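The structure under discussion appears below in the form of structure tokens.
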Amino acid sequence: MTSLAERAAQLSPNARAALARELVRAGTTFPTDICEPVAVVGIGCRFPGNVTGPESFWQLLADGVDTIEQVPPDRWDADAFYDPDPSASGRMTTKWGGFVSDVDAFDADFFGITPREAVAMDPQHRMLLEVAWEALEHAGIPPDSLSGTRTGVMMGLSSWDYTIVNIERRADIDAYLSTGTPHCAAVGRIAYLLGLRGPAVAVDTACSSSLVAIHLACQSLRLRETDVALAGGVQLTLSPFTAIALSKWSALSPTGRCNSFDANADGFVRGEGCGVVVLKRLADAVRDQDRVLAVVRGSATNSDGRSNGMTAPNALAQRDVITSALKLADVTPDSVNYVETHGTGTVLGDPIEFESLAATYGLGKGQGESPCALGSVKTNIGHLEAAAGVAGFIKAVLAVQRGHIPRNLHFTRWNPAIDASATRLFVPTESAPWPAAAGPRRAAVSSFGLSGTNAHVVVEQAPDTAVAAAGGMPYVSALNVSGKTAARVASAAAVLADWMSGPGAAAPLADVAHTLNRHRARHAKFATVIARDRAEAIAGLRALAAGQPRVGVVDCDQHAGGPGRVFVYSGQGSQWASMGQQLLANEPAFAKAVAELDPIFVDQVGFSLQQTLIDGDEVVGIDRIQPVLVGMQLALTELWRSYGVIPDAVIGHSMGEVSAAVVAGALTPEQGLRVITTRSRLMARLSGQGAMALLELDADAAEALIAGYPQVTLAVHASPRQTVIAGPPEQVDTVIAAVATQNRLARRVEVDVASHHPIIDPILPELRSALADLTPQPPSIPIISTTYESAQPVADADYWSANLRNPVRFHQAVTAAGVDHNTFIEISPHPVLTHALTDTLDPDGSHTVMSTMNRELDQTLYFHAQLAAVGVAASEHTTGRLVDLPPTPWHHQRFWVTDRSAMSELAATHPLLGAHIEMPRNGDHVWQTDVGTEVCPWLADHKVFGQPIMPAAGFAEIALAAASEALGTAADAVAPNIVINQFEVEQMLPLDGHTPLTTQLIRGGDSQIRVEIYSRTRGGEFCRHATAKVEQSPRECAHAHPEAQGPATGTTVSPADFYALLRQTGQHHGPAFAALSRIVRLADGSAETEISIPDEAPRHPGYRLHPVVLDAALQSVGAAIPDGEIAGSAEASYLPVSFETIRVYRDIGRHVRCRAHLTNLDGGTGKMGRIVLINDAGHIAAEVDGIYLRRVERRAVPLPLEQKIFDAEWTESPIAAVPAPEPAAETTRGSWLVLADATVDAPGKAQAKSMADDFVQQWRSPMRRVHTADIHDESAVLAAFAETAGDPEHPPVGVVVFVGGASSRLDDELAAARDTVWSITTVVRAVVGTWHGRSPRLWLVTGGGLSVADDEPGTPAAASLKGLVRVLAFEHPDMRTTLVDLDITQDPLTALSAELRNAGSGSRHDDVIAWRGERRFVERLSRATIDVSKGHPVVRQGASYVVTGGLGGLGLVVARWLVDRGAGRVVLGGRSDPTDEQCNVLAELQTRAEIVVVRGDVASPGVAEKLIETARQSGGQLRGVVHAAAVIEDSLVFSMSRDNLERVWAPKATGALRMHEATADCELDWWLGFSSAASLLGSPGQAAYACASAWLDALVGWRRASGLPAAVINWGPWSEVGVAQALVGSVLDTISVAEGIEALDSLLAADRIRTGVARLRADRALVAFPEIRSISYFTQVVEELDSAGDLGDWGGPDALADLDPGEARRAVTERMCARIAAVMGYTDQSTVEPAVPLDKPLTELGLDSLMAVRIRNGARADFGVEPPVALILQGASLHDLTADLMRQLGLNDPDPALNNADTIRDRARQRAAARHGAAMRRRPKPEVQGG
């Protein structure tokens, strides 16, 4: 009698499953469940060879890839642990293995694991977590759907390597170690994190662990313990100790290969990896429509028992386990055509395993029998030990699924102990199709454990199952991309876009959407991409990834949240031609609604709504517009309803209340159309009457404003900040003008008739009469009325009369609705209410405002994006095919208990290359690392002109190392077969604390290999620094060379002296790079040096040619240059920039000899060199040929952005204690001139005049005489100065100018600022031309005009004076011009008096001061900082931008930058037509974007508006404005004309105001002004430009304080473009275009308000402008400069008193010579003297007026006296200046040749007197007050 099990085994799988379910329900145990087929539905894996999933694994198998490599240095030092002798203590017999990269990387945040716990977790556990998740995704089972289900986890683990690493560092052990390393925690954590309720079992049977785990999982499924199972295993090789132990058994292959079943078998090679499969009962998988990859028909396990040894295999036990599995699978051995064997390649194990295979699968060889192939994945990836079984299992599953048997590697002939001749078994050496067979394809998998546990599994081809095809392709697909954070959503979108455009290009879009929406986990954050086709989907995904707006893309922040939806129906104004056409074609619900409404519409309105929409013509006339809009709104409502979006309340705006009433059920559609038809026809009679305007005023302010206009009424309460008025057109326009003066929005609203106003009154009786019989019903949906405050409006005739006449209470209705509702959807053809809705609801941040259509965008995509935002998809894609989308992209971070390199002194990764990735295509390689000085501090010892720079030797080493690593040379070995050719440094790389570096090795189509080295700018752009070509040549040793014969003799040079000489040229070699220990110059022009790597330089085995050695060798080339030539310039230095070839023949130790040759190139363009390195054995170790040294100027050395950015910040600085009264009076004794504007036509002017009058009364005293004059009356000002100039009893002490306060109009501010600047320059000219001796101090006084706190807007007029203060500090430092901004709300004159009394104390003076209450603030120049993490949008893809001054040098640079960043349209403003050269640039830009040139002066009315209008014409949104217009006319204040001021002022200041006004209604990301460093730092000769720039700076601050986007950059001079060049060559070096672009990207992204960008020359500032020491504004810069040094020690004029006249004259001459050299840009004094005769006029050397001012200022700083500028400009020589200074110092000059100075000085005085006399003849008598 047959058993129950035997009879059950004869049933079909489905019958057995059905019987099992019945018995389970009956509570009966069913022993034959062990026969039920199990489906493999998902795979996840990571194996050597960059295998990251089943697809890449199969590709590796199909290609026959051998992934074995030398042990990576980050595991252990392979050489240090290697010994071929197995008995060697602590050594292993192999250097090889199969390794997975980045095993220290883990996405802890994704799984909610803290960094501390992640560090303690065994990397095997981490990898299992990620791979298990990937396996579930591959299966199409959302991991989050398994929570609470009977899902089991069975995993094989046996390695404890990480525990060993932990134990080695006992101090780092914490509580997490107890859950981080035990094997049970690996499975327990998966079950815990996914909420799984099935069994979680960790299996350790050594090498069979993972296949035993799969067997147990199948059993658990068959026994109904689980419904889904995750099974597999993991193995990582982190420690050398297991390999050492295995070597003692001679188990490891010395050759590092598994030669399975081959005669060359000599042991196995270890591998590592992880594999997880997802299993379900076949019947359940078919029921659930899962994709079945293969079927497990049967499995079995057993043990070897007592055999030849515990670790020795047992052929009989192996045969038995195979037989059991076949029996339980109910299949015959001959039906199996492939066996994935254990096949380790051991001498003992292979013959024993073959014996068992021959006894089972090998039988039956003969006619008609199909052969059976034997394979072992270990030949590809090594023996994965605990993960070996799952690796073989996955290989078998893929093979039966794809019907192909991959070839077995490393097999040539059978092991002599194996006789396969009588069997059907063979080893495939080539990949082949599966043998044809009558039944399904079958394979088997064996895995045998070290402990004796054996496992065998029979795998079968999956049955054909019908997968429900996707329904007809929807007109749109919704792709839901989910992630735990918005950043993860973005990265998932990027990965998916790349896949869809690459490997997944053939996958139908509907299937992609189906897989995303139905088979992926839904996380906390998700976004949706709506698309019609693949291209649109890819573009949407890329936009989502980049954070850029695009129609059809709903990002993570756009989804509606919270309960309660309100449909809001707009009034008139949303109509447009062609509205609804796309919806008619694409949306059946919309088309049906229109069709059903049309008969009623025709009956009530008189024409067809349906035909109107189909025709797409513009609807004209109020009597047609309003009914059509109501019809559209009703149809759109039905469209929303068709997707299940139902309103909880409705609101209507004006006529929109009709639609709201119909939707709420208060009116039928017939009644609603009747109401709107009657209403609109009556309104048509009044067409053209009245006007309406939108005002940026709240209701109270609007009511107050229109109180004076009785015919103007408040028509609409739009939002808390906006209202609409109605009334006669002329009165409405007057109100608009009044509001505009407040710098608030005010504009007409386009209407046919002004409703909600008495104009409507004549038609109201007829409206009530026509609707008198209307019978409204109680609404089924609440209506929130905008006509009455009533909560229950009745939609009768009276209501509709009031609806037309009463003000629209929209703001109140929305506010009321917002209490209980969170989502507001505007129902209209185009959004017209969203701004009012947002303005009303936004303050609490919990509401979502949406619209239905947008006339600028695709109607269907837009609507479905809105649907997605409320959580409804166009198509749920419930049916479709599961496709293999890319798995979740992990955001890996490194977690390790200690630095892995601590296991060996020899670090794993090359320090200048970093992490290595081999690209899957073309064999390219990429490395990434950080070479910043915090990571590589030794690199900070290589400086060029004070800046740490990556040495060319460093780039060369990177090229060598990259080529060696990529081409197979060991990490610590030289590469004599690798030659670096055509090495070139294209751009220097400045180093800061962290400097990321990317190196790429590229294989070209022409078989050439290139290495390219990049950094990345702050804007994300890659910047290439160095390139080289790589050549593989036959291995060769260096040829014999005469240099190798021994040290040469010649002239010895001290290394210390040589390095000191190099420092003079800007090259600084710190301790790590000062490697020359001996230098000998030879007679033939070459040099020989000895190089010893300093202790400060790092040791690392990966260096092929240590950068310190090569750099020292290159220094040796410099050592061949004569000293005089090296030291010839402090402004340029010879640097290596290219090499023809680099060859390294052998290892170079820490000591080497170098022979360097040098050749000068014709024309002085550079020098060529060659070096040979000879090791201690006398062998040539390396050669570098064709070294090109180029002369590099200081300004060409790049600086990090942080070293170029400045700001002016306010610092609280209490005033010093005021001395006793009488001494204080002494400091202010003398004549004072008080100037103010006598006209008081504005409140600000009156305030200033009043304050001036009060000051005069308070300030006058017996010791102080006070004169007054009108600041704008030039004659009066000059007369006042003339009056005081001749008063010896009251010498001039100070001039106080009171400047008018704020105006309500910026236009008035602009004019006042310009006039004030001009008037103050008049004061300056009067002071300079009238007063001799010590100049009176100039005080500029304003009231509340400067912005101190962020919320203070300030006034540009006052702030523009800061530019003048900065310039006068350099042109007339003795005037000590000071701007004081008083707090007019306190006691301003007390503060001012304190300032004036305190002016004489201290060595430095504050030049910009602000009082706020009793707190005193001063402005200080400081280094700026940026926060790039803010990530504000810079340039949006496809958006429009405007650039004023767009045809200038800077303008075109900005245009190119915008186009490079993806701008769609760039509008350039210019005053003239583009030149031919500019046209060429524009033509190139036109190929990538739309470039439009608008001609006109931006300062002229209408031009700015035209620029904005042009930008908007493209349809793209205007997102940014760059105001770069400028005119530069350098002129000293003394000689400035009003026309000069006007020409400079107009484009910069007036143009800025015009652009500000023109963009008032634009939603900009940024508004950027290009200002000048002159307003921040000062620049003699640029007063007009500095003041205009300061006005622009203040306008930007005013915009920010008003809540508008704005930023300004105070640019220093650019090297190739731009106009402001005054300080070039002295204090400021030029900015390169690349540096400027980097600043643009970074500063806009960081959202800074004001930033100066300039290359300030610290070493020359004090020399050129010694007066900055006396100005506290420059305190921080002076402190920096003091450390940089100046002209050397100078004892001052007192030191001259101790010298005899001849020595004093020489000292004065030498000091002035140094000053002149510095000012005129000569780097060596000898250019002036003695090479130039002492009596040669300086004007013949190229001196100009700006230089003359700086020479005078320098003389004052050095000697306390000054030569007149006129003296310098009128032919004075160095001798003449010396004579004048000697005379003023009271020193007798014995040199009669110096008397020429008298003549020149007399001539200068005569001219000054003539000018003074002419002025006197024009002056009226000034008013005099005081004692």
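For all residues, glycine too, the Cβ spot is worked out from N, Cα and C.
Database features, via Swiss-Prot:
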DOMAIN    35-461  domain 'Ketosynthase family 3 (KS3)'
REGION    566-876  region 'Acyltransferase'
REGION    1050-1198  region 'C-terminal hotdog fold'
REGION    1439-1617  region 'Beta-ketoacyl reductase'
BINDING   1440-1485  NADP(+) binding site
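Positions of Swiss-Prot features highlighted on the structure.
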| residue | record | DSSP class |
| --- | --- | --- |
| Ser1440 | NADP(+) binding site | strand |
| Gly1446 | NADP(+) binding site | coil |
| Leu1452 | NADP(+) binding site | helix |
| Leu1458 | NADP(+) binding site | helix |
| Gly1464 | NADP(+) binding site | coil |
| Gly1470 | NADP(+) binding site | strand |
| Asp1476 | NADP(+) binding site | helix |
| Leu1482 | NADP(+) binding site | helix |
Is it possible to get the count of other C-beta atoms within 10 angstroms of the C-beta of Leu1458 (NADP(+) binding site)? 27
Please list residues from the chain of Gly1464 (NADP(+) binding site) whose Cβ is under 8 angstroms from its Cβ, counting only those at least six apart in sequence. Gln1437, Gly1438, Ala1439, Ser1440, Ala1489, Glu1490, Ser1514, Gly1516
Can you tell me how the residues of the region 'C-terminal hotdog fold' (1050-1198) break down into helix, strand and coil by DSSP? 33 helix, 64 strand, 52 coil
Show which residues of the chain containing Leu1452 (NADP(+) binding site), separated from it by at least 6 in sequence, have their CB under 8 Å from its CB. Gly1446, Leu1468, Gln1478, Val1481, Val1617
Counting Cβ atoms within 10 Å of each candidate's own Cβ, which of the binding-site residues Gly1446, Gly1470 comes out highest? Gly1446
Taking the Cβ of Ser1440 (NADP(+) binding site) as centre, how many other Cβ atoms lie within 10 Å? 27
Just name the most isolated of the binding-site residues Asp1476, Leu1482, going by other Cβ atoms within 10 Å of its Cβ. Asp1476
